[in-house]
Amino acid sequence: MAATAFYQAIGTLQYSGCFSNSNLNQENGNSSYRLVSKVFNLDIAPLRSGTHCSRKRSFSVIQASTSQSTVFDPVSSPSNGSKSDSKKKPSEAALILIRHGESMWNEKNLFTGCVDVPLTKKGVEEAIEAGKRISNIPIDMIYTSALIRAQMTAMLAMTEHRRKKVPIILHDESEQARVWSQIFSEDTNKQCIPVITAWQLNERMYGELQGLNKQETAERFGKEKVHEWRRSYDIPPPNGESLEMCAQRAVAYFKENIEPQLQCGKNVMIAAHGNSLRSIIMYLDKLTSQEVISLELSTGIPMLYILKEGQFIRRGSPVAPTEAGVYAYTKRLAQYRQRLDEMFQS
């Protein structure tokens, strides 16, 4: 099948206008939100469910959990800064998907699922290589699962990005976590990329198979039964999730939290897992349940999509940072790379 073959933060931020309401304290219905710890209200108009675009181009925010939009970046922003340009809808945005590098249980051929296992040395190398491949592609926001192997992959990949911005995991699990993770330098904040972790992007939960050796499990239950558990769309392993169940949470999170950011022109990277990413790709490429079950994603290989005129366009995987074909796909990517070249000329 063709589809199978192809897929082998608290400080002062300058927002460009779009953010999710998932981490804001809502007041007075959908019309007003309070941003703390500076005491003021910002009235914003609803754009769509879960997302709001501000009427102002920039404002000060003193809460890490609200920093889900990029700071102003002279490399990726329009050079003339005219008012007419600022009112234009974003023409396109880049979406990068990366399956985490090899984990220690991948290496041992064990069912991992939602067990929090780190990368192997090979996995670290795969993550770094993935970063080299996307080193010229703009990234404003990063989403990862709640699992360390995906977070390691995202962080290691960003060490290779030419822009040299620092990925910062946002901690909003408690008020203390938000307060203790404050950043008080505006200049430092401008050189950071917010990283949002979400359990909804976790690998599918393999239930009673987690920790079992795959070969031994096949011998115990039969190859056909284990294949059914692993590759069917709607049949879960014992006390686990099916791909359909994983897709329900992963796609819902993508549509509510990530897609609105892309629609506002934010360039997003998602570092996650085979099944959560297969679910998102099923949504992006409008695959059927039969097509998605034969979809295979290699560890540490980035895949690039462009959101343009409301449509997701698959652009494949960048082969190397110097591979011109990827950047020729869109004028915006080409201009971004050109500005990087100019910025870092010796």
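Each residue, glycine too, has its Cβ placed from N, Cα and C.
All TrEMBL annotations are machine predictions without curation.
Now, the feature entries from TrEMBL:
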BINDING   99-106, 112-113, ARG149, 203-206, LYS214, 230-231, 274-275  substrate binding site
ACT_SITE  HIS100  active site, tele-phosphohistidine intermediate
ACT_SITE  GLU203  active site, proton donor/acceptor
SITE      HIS273  site 'Transition state stabilizer'
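A Cα-Cα distance of 5 Å separates GLU203 (active site, proton donor/acceptor) from HIS273 (site 'Transition state stabilizer').
It is GLU203 that, of the recorded positions GLU102, GLU203, has its Cβ surrounded by the most other Cβ atoms within 10 Å. Taking a C-beta cut-off of under 8 Å and a sequence gap of six or more, ARG204 (substrate binding site) has these contacts in its own chain: GLY113, CYS114, GLY240, GLU241, SER242, LEU243, MET245, CYS246, HIS273, ASN275, SER276. Remark: TRP105 (substrate binding site) has PHE111, THR112, VAL115, VAL117, GLY211 as non-local neighbours, by Cβ distance under 8 Å and separation of at least 6 in sequence. The 10 Å shell around the Cβ of ARG99 (substrate binding site) contains 29 further Cβ atoms across the protein chains shown. The residue listed as 'active site, tele-phosphohistidine intermediate' is surrounded by 31 other CB atoms, counting those within 10 A of its CB over all protein chains shown. Neighbour density at the Cβ, taken as the number of other Cβ atoms within 10 Å, is lowest among the recorded positions LYS214, HIS273 for LYS214.
Distance between Cα atoms for GLY274 (substrate binding site) and HIS100 (active site, tele-phosphohistidine intermediate): 8 Å, as a whole number.
Of the recorded residues, the residue listed as 'active site, tele-phosphohistidine intermediate' and LYS214 (substrate binding site) place their C-alpha atoms 19 Å from one another. Neighbours of GLY274 (substrate binding site), defined as other CB atoms within 10 A of its CB across all chains, total 20. Take the CB of GLY113 (substrate binding site) and look out to 10 A: across all protein chains shown you find 22 other CB atoms.
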